Each structure stands twice: as structure tokens, then as C-alpha cells.
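Chemist: Dropping a structure here in C-alpha cells format, bear with me for questions.
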Amino acid sequence: MFQMEGLLDQWLWKEEYWLPPGVTWKDIEIEGDRYPLPRDLFYTLPLALGFIVLRYIFERVIAMPLSRQLGVRDRVRVRALPVPKLETFYKQNKQQPSQSEVLGLGKHCGLSQRQIETWFRQRRNQDRPSNTKKFCEASWRFVFYLIAFVAALASLIDTPWFWDHRECWQGYPKQPVAEAHYWYYITELGFYWSLLLCVTVDVKRKDFKEQIIHHIATILLIGFSYCANYVRVGTLVILVHDSSDFLLESAKMFNYAGWRKTCDTLFVIFALVFLLTRLVVFPGRIVHSTLVVSLDFFQPFFGYYFFNALLLVLQALHIFWAWLILRMVYKFVFMDERSDEESEPEEEEEAVEEEETSWEQRKGALNSKLASLANNCVLNNLTNQRNMNSRLPKAR
């Protein structure tokens with residue numbers, strides 16, 4: 001145990017990694033005030049587990065009844081027929097087989113290529129999350145982001161560094177941490193840990209990989225900035241992100257409920273806030289402050305480069321998401337198309353499935369009409385033949 005602590009002190013907590021040149025850990029200790037301690041970050045792991053339990057209760061006690069009240073409806077999906085060989089392949093190999101694998105499975109199961117493809121499409125749709133699940137997830141995030149944003153804004157609006165970003169570096173790193181900002185940091189870090197732990201069971205979106213990168217970069221950013229006492233600028237970074245996240249989650253909630261006009265209005269507001277905060281405020285004020293203004297107060301060190309590298313990773317993700325948002329706005333305005341940004345090929349596959357189902361229904365109706373017509377034709381021919389036979393003697 002003592003050897004482990006010695007290794008951590010020797011390699012992980014080396015002062016030249018975390019603090020400017022000439023500053024030691026003892027220098028940032030402020031008597032009578034709270035100051036950052038790396039061991040505080042360990043509290044975020046049990047807090048993340050608490051968030052997962054709280055989310056489970058919230059979704060079942062509040063979110064699910066709310067979804068029914070708002071009119072959220074789940075699609076009725078056609079279940080795939082039980083075929084053991086296909087089910088084994090689906091679970092052990094991969095969800096979408098190649099062309100050669102489809103032909104091989106068809107020979108083993110005695111099914112045609114079209115039947116195999118239809119079975120896998122229906123089987124994939126069975127595993128897709130319902131609208132109720134999506135609504136519950138969005139509502140949980142909406143509640144957290146909204147509460148976090150309002151509480152953080154109330155605690156930061158009277159601070160000098162909220163208005164003048166040079167104040168983020170006055171007296172650095174010997175800056176006390178307010179109790180509200182300490183809990184803001186710990187709560188946000190615990191929440192992002194919970195998101196990362198639940199990523200395998202949450203709804204998988206088109207930007208799944210980007211979300212993973214975002215969660216990891218955010219956890220590293222919050223953890224490092226706390227240890228290096230970048231708390232002042234760190235609170236501004238988190239606040240900028242929370243300012244638009246709750247708008248996105250609210251738009252998703254109304255989208256799943258079918259409230260199109262409300263969803264469209266909230267999405268437009270979200271797009272404006274996102275583009276303003278992520279492409280203007282974040283790079284123009286915060287990143288500029290950490291990259292340029294901070295050098296007026298200390299010499300660059302490892303933490304300076306590491307912190308700014310994480311901020312630039314977030315900025316790259318902002319540009320990627322801004323492109324997706326602008327593309328959706330373009331389709332919405334000029335092409336009159338609405339789409340849920342998190343839906344995968346699900347809608348396309350379900351559209352194909354619905355089209356095939358409706359075609360089967362139409363084909364069945366057409367066959368029944370043709371059979372009825374054929375029967376009528378046969379009956380008419382027999383009737384006409386009997387009438388002709390009855391008239392033959394008179395003609396003779």
C-alpha cells in the first residue's frame with residue numbers, strides 16, 4: 001500500500017506535470033479555505049453509482065408515467081420467426097451477415113435469400129430501443145442538465161471571472177475554491193462517469209464513437225483541471241456545455257411524444273444557442289483565455305499543453321456536431337424533412353419492413369380478388385353453357 005502511494009507520488013503527482021514551474025503542492029494550500037485535493041476525485045465514483053440508481057428510479061417512477069401522459073407511442077414491430085440456426089449466428093457472429101453468409105445460411109436453413117434478409121432485419125428491429133426508452137433517457141438528462149445549468153449560473157453570475165476572463169488567472173494557482181463550485185465539479189464529474197458506465201445500455205446514436213470520445217475527454221478535462229486548480233475557467237467550460245444540452249434533450253422528448261411544432265421550435269432555439277456558445281463563445285473567449293491570456297500570468301508547462309489539447313478535442317467535436325445540426329436545419333427548411341439525429345438505420349429498415357408488410361397485404365387482397373373473379377368467370381361460363389344446351393333442341 002505504501003509502495004503504491006510512493007509510486008503515485010513519484011510518477012502521477014509530480015509537481016511539474018500539474019503546476020507551473022516553481023510552484024509546489026504546499027503552495028496552493030490555503031489555510032481556512034477549501035483548495036483542490038486530488039483525492040476528492042475518488043468521491044465521484046460512488047457518486048456515479050448513485051446517479052445510476054437514481055436514474056433507474058426516476059425513469060420508472062417519473063419518466064414512464066410522463067411519457068404516457070404526453071402520448072409517447074411505441075412502434076409495433078414484426079417479430080422474427082424462431083429459427084435456431086439464424087438466432088445462433090445472430091448472437092455469436094454479427095447482426096448483419098455478408099452476401100456469402102446469407103447464401104450459406106439459406107442452404108442450411110432451407111430458406112431463400114430474401115427470407116434470410118427479412119429475418120435479420122426483423123431480428124435487428126426487435127433489439128432496437130422503443131420510443132419510451134428513448135424518452136426516459138432524454139428526460140433524465142434534461143432534468144440533470146437543467147438543474148446543473150441553473151445552479152451553476154446562479155453561483156457564477158456574481159463572480160468577477162464570469163465577466164472578465166483575466167480574473168481566471170489572477171493569483172493562480174493560489175486560488176480558493178468556493179463550496180458551490182466544488183460541488184459543481186464533483187457532481188458533473190460523477191454524472192459523466194455514470195454516462196460512460198451506461199454507454200453500453202443507452203441508446204446508440206449515429207455519433208456513438210464521438211460521444212465516447214466526448215465523455216472521456218470531459219472526464220479527463222474535469223479531473224485534470226480540478227487537480228491543477230483550473231477551477232475558475234473549468235466552471236465556465238462546463239457552464240457553456242450545459243447551456244444548450246438541456247434544450248436538445250427537451251426537443252428529443254417532444255419529438256418522441258409526436259409534438260412536432262414544439263419539437264421544431266425547441267430544436268431551432270437549441271441550434272442557435274449551440275452555434276453561439278460552441279462556435280463563438282467557447283473558442284473566442286474560453287480557449288483564447290487558456291491559450292493566450294494565461295501566458296501573461298505563468299510560463300507554459302505540461303498541464304498547460306494537456307489542458308488546451310483537451311479543449312481543442314472538444315472544439316473539433318463541436319465543429320462536427322455543428323455540421324450535423326446545420327445539415328438538419330437545411331433539410332428542415334428547404335426540403336421539409338424532419339429527422340431524429342440519434343436514429344440509426346432503424347427508420348430505413350422499419351420503412352422497408354412496413355413496405356414489405358403492406359405489399360404482402362396488398363398482394364393477398366389482390367390474389368383473393370383474382371380468385372373471386374376467376375370463380376365468377378367459371379360460374380358464368382358454366383351457366384352460359386347450360387343455357388346454350390337448353391336452347392339447342394328448339395333450334396333443331
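Just so you know, glycine gets a Cβ as well, placed from its N, Cα and C.
Annotation source TrEMBL lists transmembrane segment at 41-58, 142-163, 183-203, 262-282, 302-326. The annotation domain 'Homeobox' is assigned in TrEMBL to 69-130. Positions annotated as DNA-binding region by TrEMBL: 71-131. What TrEMBL records for 133-334 is domain 'TLC'. Taken from TrEMBL, the feature region 'Disordered' applies to 341-363. Positions annotated as compositional bias 'Acidic residues' by TrEMBL: 341-358.
What's the neighbourhood like for these features in this structure?
Modeler: With a threshold of 8 Å between CB atoms, the same-chain residues lying at least 6 positions outside the transmembrane segment (41-58) that come near it are 139-140, 143, 186-187, 189-191, 193-194, 197-198, 223, 226-227.
DSSP labels the residues of the domain 'Homeobox' (69-130) in these numbers: 37 helix, 0 strand, 25 coil.
A Cβ distance under 8 Å defines the sequence-distant neighbours of the transmembrane segment (142-163), meaning residues of its chain 6+ beyond its ends; these are 58, 178, 180-181, 184, 187-188, 191, 232-233, 235-236, 238-239, 242-243, 245-246, 249-250, 253.
Residues 237, 240-241, 243-244, 247-248, 250-251, 254-255, 314-315, 318-319, 321-322, 325-326, 328-329, 332, 338 of the same chain sit 6 or more residues outside the transmembrane segment (262-282) yet have a Cβ under 8 Å from a Cβ within it.
Tertiary proximity for the transmembrane segment (302-326) is limited to same-chain residues at least six positions away from its ends with a CB under 8 Å from its CB atoms, namely 16-20, 207, 210, 213-214, 217-218, 220-221, 224-225, 228, 230, 237, 271, 274-275, 278-279, 282-283, 286-287, 290-291, 294, 341.
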